[in-house]
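See below for the structure under consideration.
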Amino acid sequence: MAIAITFLFSIILLLQPNLSLSQTTTTCTSKTFSKNRLFASCIDLSQLSASLHWTYDPTNSTVNVAFTAPNPNSNGWVAWALNPAKPSMVGSQAIIALHDSDGKIVVRTSNISTYSGVDFSPIMYDVWGMEAEQGEIGGVWVMSFFASIKLPHGTTKMSHVWQVGPESKSEELQKHDFGEENLNSKGVMNFASDGVKSGSSNSRLNERNVHGIINAISWGVLLPNGAIIARYFKAIDSSGTAWFYLHVSFQVAGYILGMAGWGTGLNLGVKSKGVQYTTHRNIGITLFSLATLQVTALLLRPEKDHKYRKYWNLYHHTFGYTILVLGILNIFKGLSILNSGHKWEIIAIVIVGFFIGITLLLEITSFVRSHLRKKNLATITNPNKQDQDVQSGV
């Protein structure tokens, strides 16, 4: 059971969307984004200090992109566009991040057909998942937007243009400057071969996967199985003291892995300045603290006939069940942070449900066995009771 659940949790975490962090630096390979987004490739664009990040999937001709550029105005706008004909504004299929009437940053599309202005309209490519964000970094406002685009089948090399504008209010764009950088913000790129690999992002992705898998195995597999062994298998007479050593082995192994997972989480936190997952972090700290107390308690366990043993048992069981509940809760918090999608959360729910089902089955079996044992014991200690029951019609 433990091996099966370990495998399933590992698959879930390995298939999650990439972990993302806040933007902190000026080169595309070290730029990171909030809301759990990483990209396979990136390029520092030649003008306007902009950069483009993307992941291209050749199986369905889809590209997930992130465009980011600094803007001196907190109410400004940024745009990036593909042009199937040439690197020019007219004819480009633009994605634009700007501000609405409430001052919120939004994303719109436009099929630009003239230099006289921009009207928002659908573009010739299917686009979905459009979101935008902005933040102040080093005294400069940085705007970013994200989108998924369906490219024509087999087409990876295209002209593109990009731009930064001074102000956008109520979804109306003020004209951008006409300086050298603004006029030269265009080029040709190939999604399949251009750019550089986002090495630091891949490194963080691997560390995120390690963090998730280790903690899933620790808090979601080893510790629950250790608790099941202690609760149900010690009642089996033939197990002797084997259940105890199995219980301790599972709990110590779970604690060691949990400690490693906690350490990787702290390291990710150090690398993720500006991004806070307060609830997930606090639960993790609480879990590790309680688990440390549990391990320490093993060294202070009184003998069975000691007058304080019942208090130790109460403490040990209370902390143990609290750790199990918080551990499962934090696994789901981690899935939520990873923006994994409902299907993976459903899979996790099914796995946990299976775990709960096994526990309930063992609980029922334990109850029946205990009831039968008491009944047999009563028969042994009072062998005449059965005859009396028969004679009395019971």
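Numbering starts at 1 and runs along the chain as displayed.
Cβ coordinates come from backbone N, Cα and C, glycine included.
What TrEMBL records for HIS211, HIS247, HIS280, HIS316 is heme b binding site. Counting every protein chain shown, the Cβ of HIS280 (heme b binding site) has 18 other Cβ atoms within 10 Å.
Sequence annotations record features per position, and here TrEMBL assigns domain 'DOMON' to 48-165.
As annotated by TrEMBL, domain 'Cytochrome b561' applies to 172-372.
Positions annotated as signal peptide by TrEMBL: 1-22.
What TrEMBL records for 210-230 (among others) is transmembrane segment.
Residues or ranges marked as transmembrane segment in TrEMBL: 242-263 (among others).
What TrEMBL lists as transmembrane segment is 283-300 (among others).
The transmembrane segment annotation in TrEMBL covers 312-332 (among others). Beyond its flanks by at least six residues, the transmembrane segment (312-332) meets 9, 215-216, 218-220, 223-224, 227, 280, 283-284, 286-287, 290-291, 293-294, 297, 300-302, 345, 348, 352 of its own chain at Cβ-Cβ distances under 8 Å.
What TrEMBL records for 344-368 (among others) is transmembrane segment.
Figure note: comparing Cβ neighbours within 10 Å for the binding-site residues HIS211, HIS247, HIS316, the maximum is reached by HIS211. Long-range neighbours of the transmembrane segment (242-263) within the same chain, counting only residues 6 or more positions beyond its ends whose Cβ lies under 8 Å from a Cβ of the stretch, are 211, 214-215, 217-219, 221-223, 225-227, 229-230, 233-234, 236, 284-285, 287-288, 291-292, 294-295, 298. Under DSSP, residues within the domain 'DOMON' (48-165) fall into helix, strand and coil as 0 helix, 70 strand, 48 coil. Across the residues the record lists as binding heme b (HIS211, HIS247, HIS280, HIS316), the two Cα atoms farthest apart are 27 Å from each other.
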